[in-house]
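Worksheet: the structure to be examined is printed underneath.
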Amino acid sequence: FMYVLVSVWSGVVGFGLSMIIRMELGAGGQWLGDEYLYNLIVTSHGVMMLFFLVMPMFMGGFGNWLIPVMLGLEDMLLPRLNNLSFLMVPLALFMFCVSMLVKGGAGGWTMYPPLILSDYSTSFSVDLMILSLHVAGLSSLLGSINIVVTSVVATKAMGSVERVPLLVWSLMITAVLVLLTIPVLAAALTMLLLDRNFSTSFFDPVGGGSPLLYQHLF
């Protein structure tokens, strides 16, 4: 329930930001009158809807609610890990909201270099946003581990994979995909953080890096 509550709050905020985006586009860019503010709203909308609505809602909310019910369990098999996974969601959301309040964070929700590198964006808000996505990604990893372990153990206890509901299979497969993809995204964000703060050149074309590499990793 707490996953759903945080996700719904993020969804309402994200939906409100999307309405502001549509009104700004409908007014020909004259409603807000501030290019930075518009870019900030686009950035906030994208991150809110993907990392704080879709992923916590379907993996954390529906997964923790429906998997025990469908498999005849009282709770997920790793409740402490589940609690830790949830606590990281509001922490990441708080860090992201703070990053958006600091001027300089309107780099787009995809954070594509070179526009997000220190040559063009020196604000600490970008670094805080990257750290918030790291925390959100770690939360998704822990939740996915819980889903996979619970589904596999319960399936063995049932004695037949044919008795496992299709929704449980879909959540388990999605969790496996999250376990495979989130580390790649975390590596890309870490490399971006190193480019911004430690003079590396993974994505900086001036130092021999490739911005396209980030797009492939993202």
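Cβ coordinates are placed from backbone N, Cα and C, and glycine is handled just like the others.
Lifted from TrEMBL, the feature list:
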{"type": "DOMAIN", "residues": "1-218", "note": "domain 'Cytochrome oxidase subunit I profile'"}
{"type": "TRANSMEM", "residues": "6-25", "note": "transmembrane segment"}
{"type": "TRANSMEM", "residues": "37-67", "note": "transmembrane segment"}
{"type": "TRANSMEM", "residues": "87-109", "note": "transmembrane segment"}
{"type": "TRANSMEM", "residues": "130-154", "note": "transmembrane segment"}
{"type": "TRANSMEM", "residues": "166-194", "note": "transmembrane segment"}
Stretch of maximal Cβ-Cβ contact with the transmembrane segment (6-25) [cut-off: under 8 Å; candidates 37-67, 87-109, 130-154, 166-194]: 37-67
Average pLDDT across the domain 'Cytochrome oxidase subunit I profile' (1-218), rounded to a whole number: 86
